[in-house]
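Database features (TrEMBL):
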BINDING   A:102, A:103, A:104, A:132, A:146, A:150, A:297, A:301, A:302  L-histidine binding site
DOMAIN    A:1-384  domain 'Aminoacyl-transfer RNA synthetases class-II family profile'
């Protein structure tokens, strides 16, 4: 009976053994940095009440939420007139839960629910999948992992400095050395709007400037004048912003002139200086950190620092980003909870490491050694060694069926197993085994304990 | 503006830092055993097509699937008459995807989809949450983790022996030493039905015997005669089964007599003997393995070995179980794929370790050392040490705000931080720091490099 081959839902993926090994390498590397800086792990449920999710991501976000049908008779609250009013009207009556859309809103919900029991400042990291009913395309999935770290309950700029250190350390550990960490401050953007006489229009300015990399200066300027109501005079004054160059100190000095008339702008520069002051006292190398006055990031909830990381020698957008927000939990009625956080894009980092061939051998290592199984005598002879290897902490397996040499060698090769143990009559008569290195092809006859000793190192 | 406190959906949970640390300890311990035996990690999507899930878990299971509303205008395929026919009829028209109900069906789906690219025997482990719209109650959740390991593509009984070894090793590593691993074989149960003259009724026999622990012999017998059509004569013959005792060898010998007339029953005993033969050759301790001829496990798809693990000194049902199945992927049109697997119940193991107080200190360790922050001078003096500690691989944090001693000490205590570094004028004038052990209260004055050296070990 031929059946149709099963499939996975559009925009979702299986991660087989090799992909999982590589993903685990990336996530473990990042998590170990988070932990070293005092961050603690949090996991929240896959499903959240829609009352928690809805209205947090804009109208478009609400539409991209995956909603879960209520259990049991999900139509019991639906009347004929509800049905007639259509899908959007009926939805709240048949669905109360949705899938997590990001890790920030569940984190805010967790902080509000556990406010009395948490010690602040609370440093948490969270590595879980999120779901968005986006149109799937290359590099954009409906299920993907986020990898967040946030500190809430303090406005100390030491946190910003530590984030710069963590970004650099994680990427260095992943051998992504040719990267740039861009840093800006939302207050500087506000100051720019003030300085060019367009007070209060920093959001419009940010949205346009955010496209600078993609569409270029001229089109950004056109967008500002034609769509966002900026005067030509104001836009003309932006030239030094677009042309900013020099060291961080030089850029800050130039911006102090530019923002001389803007209190908030100067405050932003002061914060930036304090962040650099902290990194310097910590002894963190900031060679790869660049004060980019045009860095805006579309998100309107940032109030202080803004971060973004790019890999210079890979064909990829930003692989990490974040910033400071003054009011994480206000939407749930808890005011004044300032925080700063950032996230690594795991899927993008995965692709970068593929492109630059940066996975270490150890990341894709599977079983260290396979024991062959040509006949029952050889198999029985090898079984004690199998468990001795494991007892020594060495991952080992015995091919479970009698099979031909070629089949077993192919198996070992495809599974990327480093060593193979063979036991023919010759070996058995000497109380030894042949150990074959699958990379070099070298083969030597050794006792069981010699093999254990050799593979342990 | 007072808002209602947000909540999580019924039957779901947040896992805060301490719970996550303990859960990670459990999962890492289990995963490292899986890996040492040559199993490789797989992850499948949270959502599966309902065509994959439906019909695999019985009618009750189908009802317990969480279904996801189709994106966009989910009513577009629904006509007035569909609506009138009610929830069950309408469901397939508004929902095509559901949440993963277990890890076995997605694994089978993965094997079928990737059949041509996998090397068999394929050993995979999978640790992911699953969802069931069950009525939540103590110890039963709507979102919970499963932790499966399976080998498919071989019927070698070495796999069964290795599963016994893995179960024992994982539990020993978790310090759950007082446990019993129960082993039986489905063919033995079939044989029993034959031997008592109720050929082909092993499913009914299994369902009843499965309740032995809960309801006792008399009620099982009543169920067999009154509800399941067994003759009194047949049931009377079960007495030696219920009263089985002695060593494994003795039990097997008694069963050989009992099953003398049943070919399949004797085959089951032969398989059991071969499994024990393998464990003995491997050198695996089987003191904690018990051949329990009444072990049935309700699942009808097992065809060979059946496993179950209980903790003797904890108030908890089975914490692990599994068995051999001859046809994992038949539902997806790929026949003849034999396999054997088992699963650990993470939530139950968590509770057992709590009850028996078995978490090691290291499992709940957070940041190793906190540097205090009483004033800017002390903070700036401590910053270089902070990063030196991290560079040496020691997790460290500095309290980010100037705050009173008591507040910072409380913070360190609540976060379970082992050491605190203090820097007052006295320390600074000597170029040293005070290092306080938070458990013993001991305090000593040391140089930065002495602290790094001390905490590194």
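Here, residue 1 is simply the first one shown, and the rest follow in order.
Yeah, the Cβs are placed from backbone N, Cα and C, and that goes for glycine too.
This view paints the features noted in TrEMBL onto the structure.
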residue: A:102; record: L-histidine binding site; CB count, 10 Å: 18
residue: A:104; record: L-histidine binding site; CB count, 10 Å: 23
residue: A:146; record: L-histidine binding site; CB count, 10 Å: 18
residue: A:297; record: L-histidine binding site; CB count, 10 Å: 20
residue: A:302; record: L-histidine binding site; CB count, 10 Å: 24
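In this entry, L-histidine is bound by A:102, A:103, A:104, A:132, A:146, A:150, A:297, A:301, A:302, whose most widely separated C-alpha atoms sit 22 angstrom apart. For the domain 'Aminoacyl-transfer RNA synthetases class-II family profile' (A:1-384), the model gives a mean pLDDT of 94.
In the three-state DSSP scheme, residue A:104 (L-histidine binding site) falls into the helix class.
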